[in-house]
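Novice: Sharing a structure here in structure tokens format.
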Amino acid sequence: MLKMMGQMVITLREGFEAALLVAVLVAYLKRSGRTEEVRFAYYGTIAAIAAGFAIATAVIVAYGGLHGEQKELFEGFASYLAVGVLTYMILWMAGKDVRGEVERRAEAKFKWGIALIAFVFVVREVIETVLFLTPFAIAEFTTTVIGASAGAAVAITLAVLILRFEYRMSLRRFFYATSVLLAFIAAGLLGYGTHEFVEVLEEEGFEHPLFEKAYSLGIDESNPLHHKGLIGGILAVMFGYSASMEWVRLILQLGYLAAMLGLIHRSYGRVTERAEV
């Protein structure tokens, strides 16, 4: 259960954002007396989820056709891409007015326009989720699927409850806390992707002082504290822990984490004193 926490946090955050956007859209339509258009919001949502499954399947099939060094390069690029999109998403969401954005877009009277709005809202989050989860799915497919499913279920439940109780939960606090968690996860992905690239370069005979080990805890893979073990695996997913690291990985990982935590804190300010989303 604990080893899937990273995947669960990702889908909880992304799924919650998507579910909240759709829930606000549906509530706005009902409040505006446009109940006959609610089904179009659901049509758009279903189409977006289907598109997400198609993209995920294509990624898995593409990875399955790779071998050796190609897989390492794919994992490295997938990790870097996930970090890039994740970074953009965290900072972009910091300044969003969820309710206001949805209601402005929903003012259009075209029914299929409502479906398109819902599709755009959801497919963006679905694609981001697929990108974020790809490195995890490559390493542990079953754990990733279970963790992602659990996160999505919790996200949908939270979105419905929050809408029903009229935003009594502080959404800014929620997004602030999950942004901090995601910053640690993204830093770990950056480190993992860097490690894969280092391995490829070393196999090609390329050497550099930064590729040398910055530290090694001397932990055997059979030890639960190893990053492939039970306890170490949890820490690896959630916080980017590894039993050993190259200098370049350590520098990039810690540098990214420090920069992101600073930007997140600056973007949200003193969360307890800020207005809710």
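Cβ from N, Cα, C; glycine included.
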Novice: Match it up for me: which of 18-38, 228-248 does Swiss-Prot list as transmembrane segment?
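Specialist: Residues 228-248 are the ones Swiss-Prot records as transmembrane segment.
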Novice: Going along the chain, which residues at least six beyond the ends of the transmembrane segment (143-163) come within the CB cut-off of under 8 Å?
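Specialist: Contacts of the transmembrane segment (143-163) (Cβ under 8 Å, skipping residues fewer than 6 from its ends): 3-16, 18-20, 22-24, 27, 129, 133, 136-137, 169, 171.
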